[in-house]
Every structure is written in C-alpha cells, then in structure tokens.
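To keep things clear, I will list the structure first and then write my remarks on it.
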Amino acid sequence: MHEYSIACEIFEQVIETAKVHGALEVRHVTLEMGRLSHTNPEQLSFCFKAIAEGSIAENAEFIVETIPPSLECECGYTGTVDETQIGKNDELQSELLEYIAALECPVCGKNARIIGGRELIVKSIEIETEVEQ
C-alpha cells in the first residue's frame, strides 16, 4: 500500500510548515489529488490520521479535492476530461481511465494525449497559533 508512504511525506510537509509558522495545532489539511494518481483517497486519509496520532495534526480534518485528467490534442485543444467521455455511470470504464494513454478529443475526434491528472499537491494547511487562542 503506497498510500502509507505518501501519507508519511504529506505528514512531514504539514508538520514542517506548521512549525515554521508557530502552530499549536493543525486544523485542516487540503490536498489536490489527480484522478490518475493511483492513490485511494480513503486509504490516504486513514494512513495520515494514523501517522498524526499524538502530534499537533492529530485532530486535523483531511480533505481531498479530486483533479480531473487534462488533455492536449494536436488540433490545439487543451482541457479536462469530461466524465461523460468515459461513461460516468459505468464504474469499470471509470476505473480503467487510470490505464488509458489517450482519449478522444472532443473537438476533432482524434486521440488526445493525457497531460495532467497525476498530481498530488498539499493545497492548504489551516493551523492554530498562540495568537488565535
């Protein structure tokens, strides 16, 4: 389960940033997770909370915002994947998106290259400092 090692890295970043800013407590951690990151948000959240026990991030709310894959086509189109392109109601097709190298361009119909959606970014950290108490 690679979610544990990812959660460890996120935890280290969060704690380091919180300490630099004099945090007494971490209230919220918000991540942007690409749909193609091959990371399970529920498992990542569970791992983060387990790692954070006994730390200033122990009670932090762990929020994951999903980023859709983005496309680029030789016709000049760039944009995000429309869920209807992959059969939103078909769970298997939706899961297979992680393994697809290209999708049909919504403008010209040719294969468009997937250029984004693999990100995993700590978007924001909300902390409590002594001044706020």
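In case you wondered, yes, glycine gets a Cβ from its N, Cα and C as well.
Taken from Swiss-Prot, the feature Ni(2+) binding site applies to HIS2, supported by sequence analysis. According to Swiss-Prot, the Zn(2+) binding site annotation covers CYS73, CYS75, CYS105, CYS108.
Within 8 Å of the centroid defined by the CB atoms of CYS73, CYS75, CYS105, CYS108, the record's Zn(2+) site, lie the Cβ atoms of GLU74, GLY76, TYR77, PRO106, VAL107, GLY109, LYS110, ALA112, excluding the listed residues themselves.
DSSP gives HIS2 (Ni(2+) binding site) a helix state. In this structure, CYS75 is the one among the binding-site residues CYS75, CYS105 with the smallest number of other Cβ atoms inside 10 Å of its Cβ. Using CA atoms as reference points, the binding-site residues CYS75, CYS105, CYS108 were checked against HIS2 (Ni(2+) binding site), and the closest is CYS105. Cβ neighbours within 10 Å of HIS2 (Ni(2+) binding site), excluding its own Cβ and spanning all shown chains: 12. Within the same chain, the residues at least 6 positions away from CYS108 (Zn(2+) binding site) whose Cβ sits under 8 Å from its Cβ are CYS73, CYS75, TYR77, listed in sequence order.
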